[in-house]
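Per TrEMBL, these features apply:
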- 21-41: transmembrane segment (TRANSMEM)
- 53-74: transmembrane segment (TRANSMEM)
- 95-113: transmembrane segment (TRANSMEM)
- 119-145: transmembrane segment (TRANSMEM)
- 152-168: transmembrane segment (TRANSMEM)
- 174-196: transmembrane segment (TRANSMEM)
- 208-226: transmembrane segment (TRANSMEM)
- 238-259: transmembrane segment (TRANSMEM)
Amino acid sequence: MHLSALIIRNLGDFMKVTLMPRTPITVLHVMSLFIICYAVIKGVETIARATQLLLPLVMTFLFIFFVALYEWNWDRFQGMFRMNVWTRMKETRSLLAFPYMDSVVFMMLFPYVRSKIKVSFILGVVVATLLLSLIVFFTIGVLGVTRASHETYSLFLIVSEIHIGTFFENLESTIALILLVAIFIKLSVAYYGAVLGLCQLFRVNDRSWLAISLILLISGLALGFDDVLENMEFSNKYYFEYMLLYAIIFPSLLIFLTWMKQSKGNKRQVLQCDMVHSFHCCSFGGQYRHDGSKAKKREGNWVIYNYRFSWFCRLDKHFLRAKI
């Protein structure tokens, strides 16, 4: 849920800084959340269909790369032989949180995938890594390291400076539309994961009212930052540690507890099955048990016999008594 608040805050900051500086950011949040809420109420299939329809539009930003290649300069790529690798990894640790740790929300969608879950997930991560690397490489080649590092939305700046004649200009609206579509896809998945998790937690069957009520809660959480600079400071300094709790620690703990529960349940089930089998196989009057040895004679109303537990339990021999 807080991931949805961070995404909608990034959307609001982008719209307010670049396109609508006079519009209150709360209006941008609520209007976007209404659209996302409608998609979540319709279900995961609607989100998947919308993603398939809008994905080709997102990939059109590759065409903008080719248009801006005339500004390319290889001199902007300087040597990095004196770079301290550990220091750079520490300063750029937020890149591990976005987008890799954010992908933990896809675990809520894994039950809806029938086949090739691991292959699809790994392929998506690889493709996203290549696209992000291409964007960074393209931004440095066009703007340079110094200028790109001082711009909040460097890709938007590149597109706004493209002018080819008098007919091919003002492309910033195109890149804004592409970014809005990409944010819609990511926010839909995060919002659906939050609604589905709350429905499972409180055992709610109808997710409509729960999805609508989250609009006010998420829009309120999105106002936790005063401005875009404070948002960027949180993302650069604390976002990795924050997402480490939800992306690594909590999922690992839940997987371990689930494994312990299943292991204990399987152990108890095998033990009960072996005990019932031994009781049925145990006989009297010269008949044989399942292990090939004769059953002991009747001693009053009790029968004492030697029983070996299954290999799953790995226990020694015990003497069990069953009343006839």
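Positions of Cβ are set from backbone N, Cα and C atoms, glycine also.
When Cβ distances are compared across the two stretches, the transmembrane segment (208-226) makes no contact with the transmembrane segment (53-74), since fewer than 3 pairs at least 6 residues apart fall below 8 angstroms. Annotation: stretch 53-74 has the most Cβ pairs under 8 Å to the transmembrane segment (119-145), among 21-41, 53-74, 95-113, 174-196. Contact between the transmembrane segment (95-113) and the transmembrane segment (53-74) does not hold: fewer than three of their C-beta pairs are under 8 Å, each pair 6 or more apart in sequence. Long-range Cβ contacts of the transmembrane segment (53-74) within its own chain (Cβ-Cβ under 8 Å, at least 6 residues beyond either end) map to 134, 138, 141-142, 144, 158-159, 161-162, 164, 168, 171, 174-175, 177-178, 181-182, 184-185. Non-local neighbours of the transmembrane segment (21-41) in the same chain are 8-9, 11-13, 15, 47, 50, 184, 187-188, 191-192, 195, 207-208, 211-212, 214-215, 218-219, 222-223; each lies 6+ residues outside the stretch with a CB under 8 Å from one of its CB atoms.
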